[in-house]
Structure formats: structure tokens, C-alpha cells
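Asker: When I checked TrEMBL for this same protein, it listed these features:
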DOMAIN    1-257  domain 'F-BAR'
COILED    148-179  coiled coil
DOMAIN    331-408  domain 'REM-1'
COILED    338-405  coiled coil
REGION    420-459  region 'Disordered'
COMPBIAS  429-439  compositional bias 'Polar residues'
DOMAIN    477-538  domain 'SH3'
Amino acid sequence: MDQFDNLEKHTQWGIDVLEKYIKFVKERTEIELSYAKQLRNLSKKYQPKKNSKEEEEYRYTSTRAFLATLNEMNDYAGQHEVISENMTSLIIGELTRYVQELKQERKSHFHDGRKAQQHIETCWKQLEASKRRFERDCKEADRAQQYFEKMDADINVTKADVEKARQQAQLRHQMAEDSKAEYSSTLQKFNSEQHDHYYTHIPNIFQKIQEMEERRIVRIGESMKTFADVDRQVIPIIGKCLDEITKAAESVDHKNDSQMVIEAFKSGFEPPGDVDFEDFTQPMKRTVSESSLSNSRGDGKYEPKFGGKSKGKLWPFIKKNKGAGPEDFSNLPPEQRRKKLQQKVDELNKDIQKEMDQRDALTKMKDVYIKNPQMGDAASVDHRLSELEQNIEKLRLEVQKFEGWLADVEGRLPARTEQARRQSGLYEAQNTSAVNSCAQDRESPDGSYTEEQSQETEMKVPATDFDDEFDDEEPLPTIGTCKALYTFEGQNEGTISVAEGEMLYVIEEDKGDGWTRIRRNEDEEGYVPTSYVEVYLDKNAKDS
């Protein structure tokens, strides 16, 4: 019993340990939730935006593997949320309820202990009171006996006084005997209570406190085991996420990606043939080699304009198309044009299907209205059905128009091998949205293209519409000067060769395509790479 206070302190410490562990697990769950949230935000941040150019980039195996990684990281984050939820329900919730029960049980046990202690203390006080009363009565009896003997020995005392003293002594002796009996009874009762207190009541209370403490220790141990099990349960799923990331990484195919780039950017143009030798000693007859990309003059005669300057240009250097391209995409190379036209046909067919679905739905609605007039007026949908029929007819005419252009361009494309045809079909199935740009080495300084005649026949185009578009132009004014930083060999028609350190006139700035148009003299002008020259624009040209 002397350790009762220490036990009370120890059990309170045990409850404090439980509450501390609950707080620890709660903070762990908050960390898991925060980590999961950050992982989800990270995955969302790098997801491609829908209907954007960035989404088109995910047709390659490497970018698809990255997308798979982002999706798996999202699932990975979900497992950390599962950890948080399970720890909250299985540990925090259960232990919080148990702590409340433990506090009540502890309070009850120590209340019983204090009650037993108060009872034994009360018994002890009763014993002490009985003892003191017995002692007092014994002393009183002795004094009464001594007084009686003194009175009995004195001859001067009357017989009545002696009798009175004798009766008083007897009375005191009787009182002492009664106190003795009471003291004996109280002592016996106290010894019994004390025995029960120290050998029954207090041991039982201590046993209950011990069992309570042992249950607390077992419970915190089980909670720690649950803490580990919650983590262990998600390990297989996390492992699957990591396996999927590894599988996605192993699916990266560099050959496949390279072939997709080739399919996406090939133009369909045949390389130009050899340029024929022009014998200026004979009457001037200029011919164009078969499959050459240069535009021929109609009658083969060389007709210099603006001081004998040749204005013919290869397809990369034609006049820029202002605004949107033509409806039939004739400004694109054949292969790119074919893909664009095919994409347009597919889009129109989807639109037709949507309109037909609406028409069918309205037709069914009209039938219902006819059978059940109370549900609606059948004539109310006639106007909308008429509009849908007109829309479908317009779309079908559009499809026919684009299919005609598509058949035309497919007939003029060089025959592809069966293997190339299969590869093209594979990549177009993987990526239905066609790439609108073509290869950099096929792009002109002004970003446009010419449409070639069939490469299977000899290219002889009358120099009427195309050449007159350029030959009738006035010469462009100079807007500044430039200095050649490097030597450039202008091998393609439309370009001009320059030597390092040479000073020339600028007649057209770089439009963002990496080429600047310059002039050496009245007869020589052409394009050079902007990075090859240092441009000094006139102040008036800059202001304008």
C-alpha cells in the first residue's frame, strides 16, 4: 500500500505514452496525405493539355512512357492516401477510444483503493478509541478500589460511607470489564479487517491495475504492429506501379520513334535531277531536266528583266502566302497535303455521323409524338429535321470535294513500297492528327511551298502565271546594308553566294524563317542565312 501513489503516477505515465503515440501516428498520416497531394499535383502539372500541340507529342514511345510514368505516379500517390486512411481508422480511432476507456477503468480502480484505505483507517480509529476507553475505565476502577479500602480501614468513617465506597468500586470494576470486552471485540474485528485489507482487497485492486497496465502495453504493441502492416499491405501495389513504370521504360523504341518522325515530316517530293548544260554559244534554248524542281519557261527562251536579272526560283523560295493557306492545302508538299486532306475527310465524316445521329433521334421522337399526341407536337421537329438534312447534304458535298483532291494527290504521289505503305498506315493509326509542318530543309525563307506537277512526266510549265507573278514586280528598295560574317555557297536557285567580309545591300528582312534577302548589284540578288550576315538597317527603314 505504501506504493499506491507510485502506481498511480506510473499508470498516468502509461496513458501519456499512448496519447503521445496517437499524436505521432496522426502526424505521420498528415505527412502521407501531404506527400500524396504533392505527387498528384506533380503528375497533373506534367500531363499534356487536351487538344493542344503538346498532346500530339505523346505519340512517340518515349513520351508515351513518360505519360505512363505520370499515371503510375498518380496511382502511387493513391497508395499513400490508403496508408493515411488505414492508420487513421485502425490506429488513431481505435487507440483514442481505448484511452478513454482506460482512463475510466484507472479512475475506478484507484477509487476502490482509496475507499479501502479509508475503511481500514476508520477501523483503526475505532480500535484506538476502544483501547483508550478500556485504559481509562481500568484506571478509574483502581482508584475506586483504593478509595474503598481506605474508607474501610478508617474507624471514623460511618458504615454507610464504607458501603457507598464499596458499591462505587464494584461499579468501576464492572465498567472496566465491559470496556475490556468491547476492546477485545473491536481488536478482533480490526485484525480481521486488516487481514482482509492487506491480503484480499488491496491485492485484488493491485491485480486489476496490473492487468489494466498489461493490456495497455499489449495494445500499444499491437498498434505498432498494425503501423507496419498498413505499410506492408500497399507494398505489392506500389511494386506493381514501379513494375509498370519499368515496363513503360522498356517499351521505348528508338527505331519506332525515328520512323514516326520520318513519316510525319516526309514531303513526298522527288529529289531534283541533274541540271542540263546550257550552251550559250548556240541560240539560247533552256531546258529543264526531268523531275527537276525548277520552274521552266514556256517556250524555253531566256527573257531577262530588270537589267537581265533572273527571277526564276526553286520551290523553297516562292512568294509568301499571306493569311491562311488554300482550302485544298495546295501550299503543302504532296505527302503533307495528302495527310491534311485525309484528316479533313475524317473530320467531315465524323460531323456527318453526328448530324445523322441527331436526325435519327429526332425521327424517333417524331414517331413517339405521332403515336402519343399528348406528349408533344410532331410538326415541331420538322423544321429541325429539315435543317439536319440540309447540313448532311452540305457535309457530303464537302466530303466529295476533299475526296476528289485526295484522289488527285494520291494519284500524283510516287508509288510507295508495300512495307512503306504498311508503316505509314501504322503511324497514321497511332496518330490521327496530321502534322502540319514539314522538314526544315524543305522550308523556304518565307515558310511556303509550291505544288509540283506529276514527277512521272517531264516538267514543262509555261512561263505565264507563275513567273509573271514575280517578273512584273518592281525591284525592291534597299532598306540597309550587311556584312558577310562567313562564306556562303548559294547552290540552290534563289540563294546567292557571298564571301566573308563582303558588303551587300539588304532588300528584305528576316521574316522569322532564318533567311535574309540581299542584293549585290542590279543583276544579282537572293537569300542568305541570317546567321551568316551582320545587318545594318537604315533608320528610316526601322521607323517604318
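Backbone N, Cα and C atoms are what each Cβ position is placed from, and that goes for glycine too.
What TrEMBL says about a protein is an automatic prediction, not a curated fact.
Remember, it's a predicted structure, so these values are computed and weren't measured experimentally.
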Asker: Could you pull the average pLDDT for the domain 'REM-1' (331-408)?
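Answerer: The predicted confidence over the domain 'REM-1' (331-408), as a mean pLDDT, is 85.
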Asker: Of the residues in the domain 'REM-1' (331-408), how many are helix, strand and coil by DSSP?
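Answerer: Final tally across the stretch: 72 helix, 0 strand, 6 coil.
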Asker: What is the three-state DSSP composition of the domain 'SH3' (477-538), stated as helix, strand and coil residue counts?
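Answerer: Final tally across the stretch: 3 helix, 30 strand, 29 coil.
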